[in-house]
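Trainee: Here you go, one structure.
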Amino acid sequence: MSHLFPTYSKWEIEPESAKGSYLYSKDGGVYLDFTSGIGVCNLGHCHPEVKQSVEQQLNKFWHVSNLFPIELQEKAAELLTNASGLDLVFFANSGAEANEAAIKLARKATGKTKILTFMQSFHGRTFATMSATGQDKIKQGFGPMLDKFEYVPFNDLEALQQLLTEDVAAVMLEVVQGEGGIFVASKEFLQGVEALCKEKGVLLIIDEIQTGIGRTGKAFAFQHFGIKPDIISLAKGMANGIPTGAIVADGKLKEFFGPGSHGTTFGGNPLAMAAAVKTMEIIFQQSFLDDVQKKSEWIISVLKEKLVGNQLVKDIRGLGLMIGIELDMPVASILGELRKEGLMVLNAGEKVIRLLPSLNTLQEDFEKALEILEKNLNIHAKITI
Ligand SMILES: *Cc1c(COP(=O)(O)O)cnc(C)c1O
């Protein structure tokens, strides 16, 4: 009997080891992993350079607390600010904690309370981030939520304009809604959001927890759209599997997170920072990011070509290597079948297959995955005719 709370209905695969894009199970199974630990291991499992960086720090010290200056924190912060064009970093341990910091900072800096977020959004499981999330199923039984969050239809600038009143502290959004179903924001929408926020003195927070750290073929997804947020939040891909999170913010917000105003025991942990620095040094190279974009264009075009006549497939969309295949049926049983065929993928909502391969997945492994997907979806399409 399991002694764990059943908050996750677990898959049938028990991992024994993992390397690169492959996961090996205890019973001898070999799986091509297009989940990357839910968008975390962007450089694949057990990346040798990240491992070496953590090992070096393991031999020096593990934890000393944020009372001390820590060189690796400064290095990680420099990588983040250089890559984003923003100025100041606060390190947390997870996505929800990063969003908590963003929400606290926005309220304190503006002296206002209301935060606008979007329908189908996902921002985390703590009270503030659950309150920010635009999905009722996340909140059931946990009420009352934190006050002053309102939800706007995604990609609807007019609706936002109507709700963007004087008492709004911040607008918070995902450039690509991940858990909600891989919905990509339009350029006009995002540029409109930025302009409206500027006009009304409202802060723009972009939740880059899933889209950041190269996932979309830029260091951060907002960079596809010629906009500049005031705060971004990060976690998942930041240290390739060692838990960490962060916000990166505009320098004008410095005074609002002064000594004693916010904190965390583990945030900026040296082992996590060692992993984060190496991960970002590799991913933020322009040639690496260009390669992600090239792979993305190729995969999306091949998927469209292969699945064009498949009546089950309603849409193929995404940005970089965050790709959704929307079907005309629930995908849960299909994910199970794909695993039996050696391919692990995720869902996003009920009807979308979500692909989050590691960013350095080999061409031959992409081809293998596409073949398995095409075969399975074509069989399902024939069954339903
Ligand atoms: C995963 C995720 C979160 C929550 O991150 P945790 O580390 O699980 O707290 C928040 N926002 C987005 C967009 C995410 O994908």
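Using N, Cα and C of the backbone, Cβ positions are placed for all residues, glycine too.
No curator has checked TrEMBL annotations; they are predicted automatically.
Since this is a predicted model, take the numbers as computed values, not measurements.
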Trainee: According to TrEMBL, G95, A96, D207, E208, I209, Q210, T265 bind pyridoxal 5'-phosphate; identify which of F61, F68, F122 is listed for that same site.
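Mentor: According to TrEMBL, the candidate sharing the pyridoxal 5'-phosphate site with G95, A96, D207, E208, I209, Q210, T265 is F122.
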Trainee: Rank the binding-site residues A96, I209 by how many other Cβ atoms lie within 10 Å of each Cβ and give me the one with the fewest.
Mentor: A96
Trainee: I want to verify one value. Collapsing DSSP to three states, which class is D207 (pyridoxal 5'-phosphate binding site)?
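Mentor: DSSP call for D207 (pyridoxal 5'-phosphate binding site): strand.
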Trainee: Give the sequence-ordered list of residues that share a chain with F122 (pyridoxal 5'-phosphate binding site), lie 6 or more positions from it, and have CB atoms under 8 Å from its CB.
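Mentor: Listed in sequence order: T133, Q135, I138, E174, Q177, G178, E179, G180.
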Trainee: Restricting to the chain of Q210 (pyridoxal 5'-phosphate binding site) and a gap of 6 or more, list residues whose Cβ falls under 8 Å of its Cβ, or answer none.
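Mentor: Once residues fewer than 6 apart are set aside, Q210 (pyridoxal 5'-phosphate binding site) is near G39, E174, V176, G178, E179, K236, M322.
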